[in-house]
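Feature annotations, courtesy of TrEMBL:
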type	residues	note
REGION	1-106	region 'Disordered'
COMPBIAS	59-72	compositional bias 'Basic residues'
REPEAT	358-392	repeat 'WD'
DOMAIN	443-521	domain 'BING4 C-terminal'
REGION	541-616	region 'Disordered'
COMPBIAS	586-596	compositional bias 'Low complexity'
Amino acid sequence: MGEMETAPKPGRDVPPKKDKLQTKRKKPRRYWEEETVPTTDGASPGPPCNKKNRELRPQRPKNAHILKKSRISKQPQVPKKPREWKNPESQRSLSGAQDPFPGPAPVPVEVVQKFCRIDKSRKLPRSKAKTRSRLEVAEAEEEETSIKAARSELLLAEEPGFLEGEDGEDTAKICQADIVEAVDIASAAKHFDLNLRQFGPYRLNYSRTGRHLAFGGRRGHVAALDWVTKKLMCEINVMEAVRDIRFLHSEALLAVAQNRWLHIYDNQGIELHCIRRCDRVTRLEFLPFHFLLATASETGFLTYLDVSVGKIVAALNARAGRLDVMSQNPYNAVIHLGHSNGTVSLWSPAMKEPLAKILCHRGGVRAVAVDSTGTYMATSGLDHQLKIFDLRGTYQPLSTRTLPHGAGHLAFSQRGLLVAGMGDVVNIWAGQGKGSPPSLEQPYLTHRLSGPVHGLQFCPFEDVLGVGHSGGVTSMLVPGAGEPNFDGLESNPYRSRKQRQEWEVKALLEKVPAELICLDPRALAEVDVISLEQGKKERIERLGYDPEAKAPFQPKPKQKGRSSTASLVKRKRKVMDEEHRDKVRQSLQLQQQQQQKEAKAKSTGARPSALDRFVR
């Protein structure tokens, strides 16, 4: 007989039985998972399908619901490294491709600090928990805003540029004709000369957008034009001396300081107002965020006129004689006045006395200028000295230079360039950039005019310097002077008439009160600890005791409905009234004892007089 066929033993040639879970259903493939390729043996290379080793869908972090509760998180949103999942395939997109740069783009810490406005070195004052939480939320919001501003800085396409000489070449020897020949046609058209010798010398002023130019001659000539397109808006002769001219909040209104009074004109040359309370005005300054027109007069008065309501806010007597030197600090809206005794005083409409006085020169002050950041102040005097002061609390001179003729006019640009007019010569000094003082060692540019300088101003958002002199008006090209990027919602040079009207309504709604002008505007957002302590002292004197010295009474809970809210309030009120009566009774006893001591001291002192009957 042949060999009998035997049944195969389990575990040798028989394939193992499949798991029940695998036979029942097959695990679906997710879109982020790659398709598994079966091996030669027919078994999948994946892990076993038990509960411990089963692959799960990548879930959302457990603390994701925290971001939904509060719109602004209290923690500073500093960009962190992207969280690495255990399953790297879960970071794939719908198309299957993996993001090479996961998470938010990193932001340099130096750029974030440039936009940060909160000093974290100063600790928060001790306050209630609710107030402290609000301050922390405000800090987090400000930090988030600074990060967003640092990210959006990449969108600023334009960059400032300066003249650079070749192999130690002196840029002061470069003439305006050489610059005009080297630049493009549109930039070359910004350099022009207006020959107006008949009505000079001229003072000029640019609008806040930098698009319009107004100038007035000493012999009554007043004109306003769009200097980019050379389109004339108005031209009149007021038939009396013009000492200064200023645009108001927009190019539609013009303030002219004439021989006797202050006059307001529109852009068509029509006289709208004649303000006779502002007489003998020598200098004008306009504060755009407060809608205030500051005037300095021959009589020594500094007057603030609110142009939105036509009311004089303050009229301050400087007690320093004729006021002929005035400038404003764009950072905090403080007015700087130069006097004949060599001092510069700082004024605010909320105070009748100057906020500070700085001794700058041994002779009279001829010109004052403050940069756009409010950090540096340049002054020139009769002692032929040009000084730059630090306004950050020290008021000390940083650099000094002796000029051959002395500077009669000074002006700062948006990027920190300083220009000085000395006779018929204009010298410009440059620094390291915006926020740094200009170096007075070597001039950046030099230009000679056809007459003595009478007015200087840099054009906003343009590399242009406007000079008014006895021969007319000159527009110079100064590379690197203006801010290349402008805010279209604040100062848009290309805005239409409708946009200007909408901006004017918005600016009036956001007008800053004149009482808030101070040396440090950041102090307005801080807690006034001195006033809080003073109020606490007055409250203690009024009540006769300190109500916060003892912890408030907390009644114990009772049974049978006697712990309702109304009963608890009644019990608290009863205990507070008893404590108050005791404190008042003690204070009255102390007052009676003190009066008795004073009466005894009087009786034991001098002899009684017939006039004692009139003593109460």
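Note that Cβ sites are derived from N, Cα and C of the backbone, with glycine treated the same way.
Secondary structure by DSSP for the region 'Disordered' (541-616): 47 helix, 0 strand, 29 coil. If one looks beyond the compositional bias 'Low complexity' (586-596) by at least 6 residues along the same chain, the residues whose Cβ comes under 8 Å of a Cβ in the stretch are 544-545.
Within the domain 'BING4 C-terminal' (443-521), the DSSP-based counts of helix, strand and coil residues read 17 helix, 22 strand, 40 coil. Mean pLDDT for the domain 'BING4 C-terminal' (443-521) in the predicted structure: 93. For the repeat 'WD' (358-392), the DSSP-based tally of helix, strand and coil residues reads 0 helix, 20 strand, 15 coil.
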